[in-house]
Ligand code: KG4
Ligand code: ZN
């Protein structure tokens, strides 16, 4: 009879650094899915007056904020840097100045501490976040809707993504931000529009629903954006440049409702496609900043229940950019043996189907 050796399951601790856009964020998490410390320093105030993110300002802000946040998370978790098992940072895609800051800090720590480094694709961070807070096995259908991205994909495993469809023009979050700007609302537009839409009439304005009913799985939002611009211009000709708040609320509600209907339709098409070609897919995850929108979540929950899919979304605080999602993706990759050399270069562009997986 062989001697049974009890395999000791060591708890792994991961440090994650996110600096790809306008949030500087650092987190410490462990393999028991515990968030040990998590700090997010938003730079919204620095960019607000410009109506969008200014890359050079963002890079400088990451540089000045990151050291303090790193100190803080170790204090919050009562841990020392050498307690960490793996160090992960967003290495792309994103604004290159910020990505360089986070990646270089992580590489420097990994080199100094003699710890493994994981170069995390920011989109993979969004894609895997729901697995930090929920029990979701692979595979699942993912809708990633953020400020820079809008795509549906099949998530087969860590590092194994098949893109089904993507936007041909604007990302959904970008469209929220541009419509908010047209209405004179501050950046970022998504939360502002959602708040005002709550008091508006979603049927006040009839807007186009790009691609609705079409069998392919791509998205388009520029036509909707143009229609909203024309609607606002007509209203301004009537009411003056500063529109009454009730009209702004009606525009917000009509726009948000249209986006929700379009996303409902695009996911319906994705489910019809998977039913035919990948019937083993029965779970759906929505991720990215726009996933924080309750109305959009509601529309996606409806399409999931109609097609027998389980619906998952990260908690609101983990929808927009954060360090916990990078720590988690880093931990998942580390557990699969997917660590990276310190030679890896920060990348402004990095499509998800080019992420290195277990077999590549
Ligand atoms: O994921 P994220 O923080 O950054 C990117 O990777 O792009 O997403 C930010 C985007 C912004 O465009 C913002 O307006 C949008 O997410 N957003 C929302 C909401 N909260 C954030 N859009 C609609 N409704 C929201 N509640
Ligand atoms: Zn993001």
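Each residue, glycine too, has its Cβ placed from N, Cα and C.
Annotation comment: TrEMBL describes 34-328 as domain 'Gcp-like'. Annotation source TrEMBL lists Fe cation binding site at 122, 126, 321. Annotation comment: TrEMBL describes 144, 145, 146, 147, 148, 177, 190, 194, 293 as substrate binding site.
Largest Cα-to-Cα span within the substrate-binding set 144, 145, 146, 147, 148, 177, 190, 194, 293: 19 Å. In this structure, the binding-site residues that sit close to ligand 2, with a C-beta under 6 angstroms from any of its atoms, are 146, 321, chosen from 146, 190, 321. In this structure, the binding-site residues that sit close to ligand 1, with a C-beta under 6 angstroms from any of its atoms, are 190, 293, chosen from 144, 190, 293. Taking the Cα atom of each, residue 126 (Fe cation binding site) and residue 293 (substrate binding site) are about 15 angstrom apart. Around residue 144 (substrate binding site), the C-beta neighbours below 8 angstroms that are at least 6 residues distant in the chain are 123, 126, 127, 150, 151, 152, 153, 287, 288.
Look at the binding-site residues 146, 293 and count other Cβ atoms within 10 Å of each Cβ; 146 has the fewest. Within 10 Å of the C-beta atom of residue 126 (Fe cation binding site) sit 30 other C-beta atoms, taking all shown protein chains into account. The record gives 122, 126, 321 for Fe cation. Within 8 Å of the mean position of their Cβ atoms, the other Cβ atoms in that chain belong to 18, 20, 21, 90, 123, 125, 146, 288, 322, 325, 326.
By neighbour count, meaning other C-beta atoms within 10 Å, the densest spot among the binding-site residues 148, 190 is 190.
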